[in-house]
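Here's the structure we're looking at; comments come further down.
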Amino acid sequence: MYVIFAALISFYVASKSRKLSFAFYFLCMGGKPDHSKKVSKPNSDLGLIVALVTADAIYLNHPMANDAAKEALLPVSLDPFQNNALKRRRPRLSSSDPSVRINQQEQNSIETLLHPESNFSKQLGFKPVFLLLAAYLGVGSLCFFLVRNQIKGRKTNGILDAIYFCVVTMTTVGYGDLVPDSVLAKFLSCIFVFTGMALVGFVLSKAVDYIVEKEEILLVKAMHMREKVGPTEILKEAESNRARYKFLSALMLLLVLTVVGTLFLSQVEELNYFDAFYCVCATVTTLGYGDKSFSTEGGRLFAIFWILISTLSLAQLFLYLAELSTERRRRSLINWVLTRKTTISDLEAADLDNDKVVSSAEFIVYKLKEMGKITEEDISMVMEVFKNLDIDQSGTLSPSDICSPNYLKENV
């Protein structure tokens, strides 16, 4: 069931990289040591476009793109450990200078755009998530406890059975060892199965994401145990192979849960190893045949936590597998675009200002369009932003533009 949620989450993942483009623009503006100089815009506004849209290309960290080329195209680092150096290069201005307020706003924008998930974590941290899940389980368990006499099947403890039935319903496992036997009990089951699916698909996926992302760094360290790898190199390695590490981490987590579940069922529920593994597979995939299930108090207490984590882990595994496949196809396309022979028609298409020559900025934009990373609509939107920022209509941007009364009035 939760494989559907994994597919829906992938649309959200694909939208994150767009925010980096605007972060690059602000870094280019704020990283200049001399604020008296204008930020030049080569080749008829193409400089700004490149500063915005090349963020995605550099973020890919493609093996064919060397570091020197990246530094030449955009001399701004996304390395969080270099933020202090970036701040030190900026001139000191008086607190009354309006550009100070602008720089502070830009810095806040940079932090927000470079770390979009940190904003979300502040709004919905682990404590609210835990409280939301606890509220659902509390209300659901109370309802099913009140109608416990209208639920038939193999019972152990009233409260434990109510929580267990709530979890099995929420995760759509549905063993059949406990089933509603009245109109009211069936009605409550219908309500909690739909609300539970939405809750699990949203809340618990965040918890599994947190665990997997923590394991990514540990996995990189383990794979480079013999090398002296610092924190900066570890973060760069994790970013460049993020899809693969996420998939391997989710696979490792699922394997651990499978082994733990099999051993527990064989020892506590007294199933043979094959039947225990069979029950684990039926549970993790939410099939829930019902011929093998948790029937003891200790088993159901363990199942309350194990079922929640294992079902979501499988959904996350399929999500990361799809992401890994997509990433490989995208890298293959980029490799083809960067290595194929350039033709006369390519030069004509890349010549945006029709001056019979193709500048580096025009060539970059053309290649990014070929890679499918930007479209004509993207360029048009960026140019509209540039025109709005260019208060004096000079074709270039300078601190005087963003410190002008008109700009400050519009962005109060």
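Cβ atoms are placed via backbone N, Cα and C, with glycine included.
According to TrEMBL:
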TRANSMEM  129-147  transmembrane segment
DOMAIN    134-212  domain 'Potassium channel'
TRANSMEM  159-178  transmembrane segment
TRANSMEM  184-204  transmembrane segment
TRANSMEM  245-265  transmembrane segment
DOMAIN    253-324  domain 'Potassium channel'
TRANSMEM  301-322  transmembrane segment
Contact call for the transmembrane segment (301-322) against the transmembrane segment (129-147), three or more Cβ pairs under 8 Å: no
Helix, strand and coil counts within the domain 'Potassium channel' (134-212) (DSSP): 59 helix, 6 strand, 14 coil
Positions on the same chain near the transmembrane segment (159-178), where near means CB under 8 A and six or more residues out: 1-2, 136-137, 140-142, 144-145, 148, 151-153, 189, 192-193, 196-197, 199-200, 283, 286-290, 293-295, 297, 300-301, 303-304, 307-308, 311
The domain 'Potassium channel' (253-324), counted residue by residue under DSSP: helix, strand, coil: 55 helix, 0 strand, 17 coil
Across the domain 'Potassium channel' (253-324), average pLDDT on the 0 to 100 scale: 90
